[in-house]
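Enquirer: Pulled these from Swiss-Prot:
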- G79, 82-83, T87, 89-92, 107-115, S119: 5-phospho-alpha-D-ribose 1-diphosphate binding site (BINDING)
- G79, N110: anthranilate 1 binding site (BINDING)
- S91, E224: Mg(2+) 1 binding site (BINDING)
- R165: anthranilate 2 binding site (BINDING)
- D223, E224: Mg(2+) 2 binding site (BINDING)
Amino acid sequence: MQTIINKLYEQQGLTQAESQQLFDQIIRGEMDPVLMAAVLTALKIKGETPDEIAGAAKALLANANPFPRPDYDFADIVGTGGDGSNTINISTTAAFVAAACGVKVAKHGNRGVSSKSGSSDLLSSFGINLAMSAQDSRQALDDLGVAFLFAPQYHGGVRHAMPVRQTMKTRTIFNILGPLINPARPNIELMGVYSKDLVRPIAQTMLQMGLKRAAVVHGSGLDEVAIHGETQVAEIRQGELIEYTLTPEDFGVSRYPLDAIRGGEPEENRAIITQILTGNGTAAQMAAVAVNVALLLRLFGQEDLKANTQQAIAVMKSGQAYGLVQQLAQRG
């Protein structure tokens, strides 16, 4: 272990196996907090590589509580948070809309990072049980096409790093690990990142983790596909990394200012999301959700973004997506 730590002090990159070994020790609570702070700082200053991120993610997944993984294709749609924009919960809303469009989504989330209301804050306000067992969540995924996995329930070991992270008061590798450690291990993922510099490295990390098809996006300051500007995309398709830029016009929607999709406290967000999921949101709110659903549907093989956007809007207007929220809440 000392050899691994010395490599970091010398600003050398770790192999995936070394990173996995290092984070295994952190997650098991076997590393002194002072040393942990030094390690996280050294990684941050050096800049985390895809090997290091993949190794850390594998360590967290290996130590996570198990989830009965389905053998069908299913996805996660998630952002790192931390983009400081306080927008409405786009990825959480998109998960229900995508499920209503006929694909399966197992969303892994936590309490708010950059918005006042993270995915789990919002779901709680709808009466959805965050403490649902793994078996019940799997059943919901089978029956409804959507399930929510609350991170602390599966990743107890992360608590060992919490005091250090809170004291450091800066972003560390843990801020980007959340979306990579879904315990259901989806084979498709749409992930938003808070910085355009992360788009390629995170996509390379996903390639190493064996995802079938995935896209990493940064939308003009947002950890989502943007409707106020361009979105940088790195997509994994058949083991290849393809990079491109998308504009709102590619989805057939107008451009809207960022202010048009600001969120609020969980209760305010609940009202906004209810409006969107019943087809009564503003044009900007509906478009913001629809473009993210559209790119997710592309990852399931529906290549036409404009048609996908229209499908998502039609599903919102039909009320089907809101019906799934209610059905998930009824499962207690």
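Including glycine, each Cβ sits where the backbone N, Cα and C put it.
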Enquirer: I'd like the Cβ neighbour count for R165 (anthranilate 2 binding site), meaning other Cβ atoms within 10 Å of its Cβ, all protein chains included.
Expert: 17
Enquirer: Between C-alpha atoms, which of these binding-site residues comes nearest to R165 (anthranilate 2 binding site): T87, N110, D223?
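Expert: Sorting the binding-site residues by distance from R165 (anthranilate 2 binding site), the top entry is N110.
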Enquirer: Just how many other Cβ atoms lie inside 10 Å of the Cβ on D223 (Mg(2+) 2 binding site)?
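Expert: For D223 (Mg(2+) 2 binding site), the count of other Cβ atoms within 10 Å is 29.
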Enquirer: When DSSP states are folded down to helix, strand and coil, where does S91 (5-phospho-alpha-D-ribose 1-diphosphate binding site) land?
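Expert: Looking at the DSSP assignment, S91 (5-phospho-alpha-D-ribose 1-diphosphate binding site) belongs to a helix.
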Enquirer: What is the total of other Cβ atoms whose distance to the Cβ of G79 (5-phospho-alpha-D-ribose 1-diphosphate binding site) is within 10 Å?
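Expert: G79 (5-phospho-alpha-D-ribose 1-diphosphate binding site) is surrounded by 30 other Cβ atoms within 10 Å.
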Enquirer: Going by Cα-Cα distance, pick out whichever of the binding-site residues G79, T87, D223, E224 is nearest to N110 (anthranilate 1 binding site).
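Expert: Ranked by Cα distance from N110 (anthranilate 1 binding site), first place goes to G79.
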Enquirer: Work through the binding-site residues one by one (H108, R111) and point out the residue whose CB has the fewest other CB atoms within 10 angstroms.
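Expert: R111, out of the binding-site residues H108, R111, has the fewest neighbouring Cβ atoms within 10 Å.
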Enquirer: Quick one: which of these binding-site residues, G79, S91, H108, R111, have their CA within 10 A of E224 (Mg(2+) 1 binding site)?
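Expert: Correct set: G79, S91.
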Enquirer: Go through T87, S91, N110, the listed binding-site residues, and name the one with the sparsest Cβ surroundings, counting other Cβ atoms within 10 Å.
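Expert: Among the binding-site residues T87, S91, N110, the sparsest Cβ neighbourhood within 10 Å belongs to N110.
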